[in-house]
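Listed in TrEMBL for this protein:
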type	residues	note
TRANSMEM	48-67	transmembrane segment
TRANSMEM	102-120	transmembrane segment
TRANSMEM	126-144	transmembrane segment
TRANSMEM	211-229	transmembrane segment
TRANSMEM	236-260	transmembrane segment
TRANSMEM	280-304	transmembrane segment
TRANSMEM	316-339	transmembrane segment
TRANSMEM	345-363	transmembrane segment
Amino acid sequence: MADVDQGSVLPSETSPLILDGLNSTDSNGTDAVNATVAKFVATPEGTALAYGSLVFMALLPIFFGALRSVNCGKSKVAGENGCDYEYRNSSDMPETITGRDAARFPIIASCTLFGLYLFFKIFSQEYINLLLSMYFFVLGILALSHTMSPFMNRIFPANIPIKQYQLLFTQGSGETKEEIVNYEFDTKDMICLVISTVVGVWYILKKHWIANNLFGLAFALNGVELLHLNNVSTGCILLGGLFVYDVFWVFGTNVMVTVAKSFEAPIKLVFPQDLFEKGLGANQFAMLGLGDIVIPGIFIALLLRFDVSLKKNTRTYFYTSFLAYIFGLGMTIWVMHTFKHAQPALLYLVPACIGFPVVVALLKGELTEMFRYEEVSPEDAAAKEEITEAEKKDK
């Protein structure tokens with residue numbers, strides 16, 4: 001199985017997995033409340049709009065990312081298996097998360113989170129966020145461009161010629177020559193990159209919450225689409241481990257809340273609670289970490305692919321887990337609003353997203369079949385095909 005490239009999951013890995021409706025920030029993401037400023041009290045309408053918008057935004061990358069994960073992970077040719085675009089570059093191919101990856105993921109995430117906490121305590125927050133902004137500026141452009149690609153393929157005028165380009169960096173010469181970068185793209189990709197760059201510049205200059213959310217949604221959708229669990233057991237290990245991680249870092253320490261409020265990067269979705277009062281210049285935000293979207297999302301996407309493998313023309317497990325996510329997120333918001341304290345969303349999402357589909361599988365007598373369902377990485381699948389072809393030739 002392919003190991004997970006930790007760099008590819010950084011936006012969700014470092015995400016503060018909390019839903020915080022008490023965060024008060026200015027337009028640059030810095031703390032705006034101090035001893036001399038009265039605490040902002042959101043109106044019921046503003047609170048309802050903020051929470052409802054966060055739920056809606058969280059559902060978008062899960063739903064569309066799961067749909068895009070079904071066939072496109074197995075297609076290398078545009079149009080094959082219903083895929084709207086092709087994976088021409090290895091960085092666009094899905095990565096398979098194995099049981100080993102899932103077991104070590106909470107440890108890596110904890111180390112990353114605590115490392116960021118120490119950095120913010122020791123070094124200047126301004127310089128750290130400047131470096132992080134530039135890093136996520138580049139990642140955000142690539143993620144948003146990849147997200148837009150299928151839509152661009154559909155609306156691009158047929159009478160405009162499409163030119164192919166290739167960015168190639170190599171090292172050495174002759175037989176020792178090896179590729180460092182080999183990226184293929186075309187005219188449509190160039191347009192997507194230009195649009196994404198405009199959004200990126202807007203984010204860097206203004207740190208506007210809309211630009212933040214565009215990048216955040218792109219990161220989340222790419223994560224759900226391109227990170228594939230190899231089976232349901234691996235999903236349970238991953239969600240169970242991060243369940244403990246989330247509860248410990250939110251309830252046991254102030255580390256996650258501190259990092260969430262200090263970290264100026266599009267690794268969380270935000271929506272203002274004072275939108276009615278201040279319009280697009282609003283600055284009192286509720287927020288949801290991308291990890292609370294991507295982690296349950298890749299499990300929901302796996303169940304959709306399991307539905308497809310049953311060949312019964314139903315999406316029972318996908319819709320069950322999707323509704324379970326809505327229920328879990330709604331429960332998080334209700335508890336947070338009731339007790340006025342930041343909540344670890346996975347505390348409610350994990351039992352719901354695992355429990356609901358398992359109960360349905362028990363009732364339908366398909367529990368064994370669900371846990372036997374296995375996916376392989378594209379590399380392993382290609383290797384098996386080569387072995388099969390070789391065996392046929394030998395015969």
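Using N, Cα and C of the backbone, Cβ positions are placed for all residues, glycine too.
TrEMBL annotations: computationally assigned, not manually curated.
With a cut-off of 8 Å between Cβ atoms, the residues of this chain six or more beyond the transmembrane segment (345-363) that come close are 17-19, 235-236, 239-240, 242-243, 245-247, 288-289, 291-292, 295-296, 299-300, 303, 316-317, 320-321, 323-325, 327-329, 331-332, 335, 369-370. Against the transmembrane segment (102-120), the recorded stretches 126-144, 236-260, 280-304, 316-339 differ in Cβ pairs under 8 Å, and the greatest number is found for 236-260. The stretch from 48-67, 126-144, 316-339 with the most CB pairs below 8 A to the transmembrane segment (280-304) is 48-67.
Here the transmembrane segment (316-339) sits apart from the transmembrane segment (211-229); fewer than 3 CB pairs are under 8 Å, leaving out pairs fewer than 6 apart in sequence.
Here the transmembrane segment (126-144) sits apart from the transmembrane segment (48-67); fewer than 3 CB pairs are under 8 Å, leaving out pairs fewer than 6 apart in sequence.
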